Amino acid sequence: MHWENIFYVLSAVLFIFGIKKLSHPRTARSGNLIASLGMFIAVITTLVVSKNLSYELIGIGIIIGSIIGAFFAVRVEMTQMPQMVAIFNGFGGIASALVAAAEFINPSDALSLFSLSTISLSVFVGTLTFTGSFIAFGKLQGFVSGKPIVFPGQQLLNGLLAFSVIGLAVYIVLSPENFNIFYTLVALSAVIGITLTIPIGGADMPVVISLLNSYSGIAAA
């Protein structure tokens, strides 16, 4: 067994214990710290074993992310936590989509059918999560009407968009050299995120945010 696998297993164990502790308010803070430690170990291990990395860009990203995180931690009130979670969900989704897009546009190796399928799924779910999360944020913050926004033919439109996305994903798997199809997939995924979220009232946004949180995890996986 390679040494890095030991640290990855340790990270997974910490994630499990952290999530378990998040199930109760009394232990949620320690659970968050344990899960954060697991992520820290996984990231450091990946940076150590990976080659040809731009550590300067990674360092800049860490600094910028830390500043933004510290700002929100200090300024955001507890009553605004749902809005912040929605924003973080959106950032997580778009990060996954960007990673998948980078691998598609500039692959490190020849992309297999499985890789192309997972890239299409990550881009779709990640982009949907991004736009849907920001609609949820807007409804909670009052930037978007908290009332359900519906219009004639909405379900038909969602169905057509879904079938179009499936068709585009299949086309990408069969013909990955066509970048215009890939960009169209991104655009339609963004539209679906909006059309799926706007019909839901502001009072149900916490449920939507929880669902989008799971989508963000799927996109990252």
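Using N, Cα and C of the backbone, Cβ positions are placed for all residues, glycine too.
Annotations in TrEMBL come from automatic prediction, not curation.
Averaged over the domain 'NADP transhydrogenase beta-like' (5-221), the predicted model has a pLDDT of 85. Annotated domain 'NADP transhydrogenase beta-like' per TrEMBL: 5-221, in sequence order.
Feature annotation from TrEMBL assigns transmembrane segment to 30-49 (among others).
According to TrEMBL, the feature transmembrane segment maps to 55-74 (among others).
According to TrEMBL, the transmembrane segment annotation covers 86-105 (among others).
Residues or ranges marked as transmembrane segment by TrEMBL: 111-135 (among others).
Listed by sequence, the residues of this chain that lie at least six past the ends of the transmembrane segment (156-174) yet keep a Cβ under 8 A from its Cβ atoms are 104, 113, 116-117, 119-121, 124, 181-182, 184-185, 188-189, 191-192, 195-196. Sequence annotations record features per position, and here TrEMBL assigns transmembrane segment to 156-174 (among others).
Here TrEMBL flags 180-201 (among others) as transmembrane segment.
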In the same chain, residues at least 6 away from the ends of the transmembrane segment (86-105) whose Cβ sits under 8 Å of its Cβ atoms read 111, 115-116, 118-119, 122-123, 125-134, 136-137, 140, 172, 176, 179, 182, 186, 189, 205, 209, 212-213, 215-217, 219-220
Could you give the residue numbers and ranges of same-chain residues that sit at least 6 residues beyond the transmembrane segment (111-135) on either side and whose C-beta is under 8 angstroms from one of its C-beta atoms? 86-87, 89-101, 103-104, 144, 165, 168-169, 172-173, 176, 182, 185-186, 189-194, 196-198, 208-209, 212, 215-216, 218-220
